[in-house]
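Here is what Swiss-Prot records for this protein:
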- 32-52: transmembrane segment (TRANSMEM)
- 69-89: transmembrane segment (TRANSMEM)
- 96-116: transmembrane segment (TRANSMEM)
- 127-147: transmembrane segment (TRANSMEM)
- 157-177: transmembrane segment (TRANSMEM)
- 199-219: transmembrane segment (TRANSMEM)
- 255-275: transmembrane segment (TRANSMEM)
- 290-309: transmembrane segment (TRANSMEM)
- 320-340: transmembrane segment (TRANSMEM)
- 355-375: transmembrane segment (TRANSMEM)
- 378-398: transmembrane segment (TRANSMEM)
- 423-443: transmembrane segment (TRANSMEM)
């Protein structure tokens with residue numbers, strides 16, 4: 001497949017420099033993969049957004065509803081745009097997404113730092129900024145994910161599981177980094193002006209490194225195109241445009257795709273709500289932040305899910321069993337939150353956070369692997385990107401439900417944690433329905449496919 005004019009221009013100088021650098025191709029190949037994996041970590045730093053809740057409320061005077069609107073703006077930007085990002089990557093290569101992430105991250109975080117330092121709310125401008133940050137988060141992660149999948153298309157561990165695992169590591173590393181006293185600047189909460197300025201600098205450096213990594217993918221594409229022209233087409237080469245259009249048409253007309261979308265809406269929606277509101281929930285129960293438990297379980301689940309799926313494939317076991325297992329963990333985790341609010345039991349919340357984190361991380365590994373297995377790599381970016389629209393809707397619905405119930409029932413001093421239990425009965429029910437639809441999807445459509 002020939003390069004687009006834009007991809008050619010964006011990578012031209014880097015490719016020329018790399019060609020003249022004398023580095024062995026294997027060295028460039030491995031270096032690009034390692035850079036892509038490392039880029040997945042800062043791509044996941046937005047998972048720390050629940051730690052911004054207290055500074056926003058205390059320093060800028062945002063209400064819980066306004067904080068949840070900012071959370072929803074991130075989710076909206078992150079989940080609505082993946083189909084477009086997938087199409088842009090297919091047309092112009094992952095380098096296009098890495099540049100989009102740079103343009104989206106650096107100015108917005110610089111502005112958000114200024115807003116916090118000024119002490120003025122600037123709420124609507126902040127909503128726009130965090131919508132762009134949500135878009136940029138997915139652009140950087142997709143750029144890294146597609147780079148890894150192009151470099152190692154035959155390995156699910158390298159192409160999907162490891163990028164997802166490194167993305168999940170952001171929660172663990174980020175929460176530890178933000179414990180450094182410098183980020184508090186003597187305040188009882190995070191000084192977000194320092195946090196956001198640091199992120200602006202970090203994303204500048206990461207974008208520069210990804211420019212080189214994605215240019216190596218372009219070199220691989222040029223190499224494959226040269227083999228095609230010579231009549232030695234590789235079986236891993238991209239399909240012809242008409243074949244891609246046919247597969248896209250088949251995907252959008254496949255009823256199973258809509259079952260899959262519903263499963264993700266009813267599972268990732270509640271998980272996003274729990275993740276973004278665990279700060280206020282922990283305060284309600286008098287418990288320290290349970291984000292580390294969620295983050296560690298999520299990271300471990302991302303890696304283990306990939307390994308278990310490889311074992312399932314090797315032993316002829318349906319990979320759907322892994323999705324059922326992680327959904328069941330989510331059901332149990334959210335039900336334990338209900339028990340924790342009834343008993344005002346903080347340690348129970350830690351267990352619920354770990355189980356919910358395992359569900360969350362597992363879904364982000366299992367879902368792309370199932371998408372790749374059923375609809376193929378030719379339309380993987382567009383297909384998986386399309387699925388990411390549905391959790392946006394779910395996260396907004398469940399997040400705003402949490403905010404309204406919290407503001408209505410849980411703001412007076414001395415209120416009991418049971419005031420919020422109805423939200424988690426809803427999330428438990430939603431995950432149980434998602435599990436039911438996942439089983440039906442397998443029995444009706446995928447019995448012989450996965």
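Placed from the backbone N, Cα and C atoms, the Cβ positions cover glycine too.
If you look at the transmembrane segment (355-375), the same-chain residues 6 or more away from its ends with a CB under 8 A from one of its CBs are 145, 156, 160-161, 164-165, 167-168, 247, 250-251, 254, 256-257, 260, 264, 267-268, 271, 274-275, 293-306, 309, 319-320, 322-323, 325-327, 329-330, 332-334, 336-337, 383-384, 387, 431, 446, 449-450. When Cβ-Cβ distances under 8 Å to the transmembrane segment (320-340) are tallied for each of 127-147, 157-177, 290-309, 378-398, the top count falls to 290-309. Counting Cβ pairs under 8 Å to the transmembrane segment (32-52), the top-ranked stretch among 69-89, 157-177, 255-275 is 157-177. Between the transmembrane segment (127-147) and the transmembrane segment (199-219), the number of CB pairs under 8 angstroms, six or more residues apart, is three or more, so the stretches are in contact. For the transmembrane segment (290-309), the partner stretch with the highest count of Cβ pairs under 8 angstroms, out of 96-116, 157-177, 255-275, 378-398, is 157-177. Proximity of distant same-chain residues to the transmembrane segment (96-116), defined by a Cβ-Cβ separation under 8 Å and at least 6 residues beyond the stretch ends, is recorded for 6-7, 10, 43, 55, 59-60, 85, 88-89, 122, 125-126, 129-130, 132-133, 135-137, 139-140, 142-143, 146, 191-197, 199-200, 203-204, 207, 210-211, 213-214.
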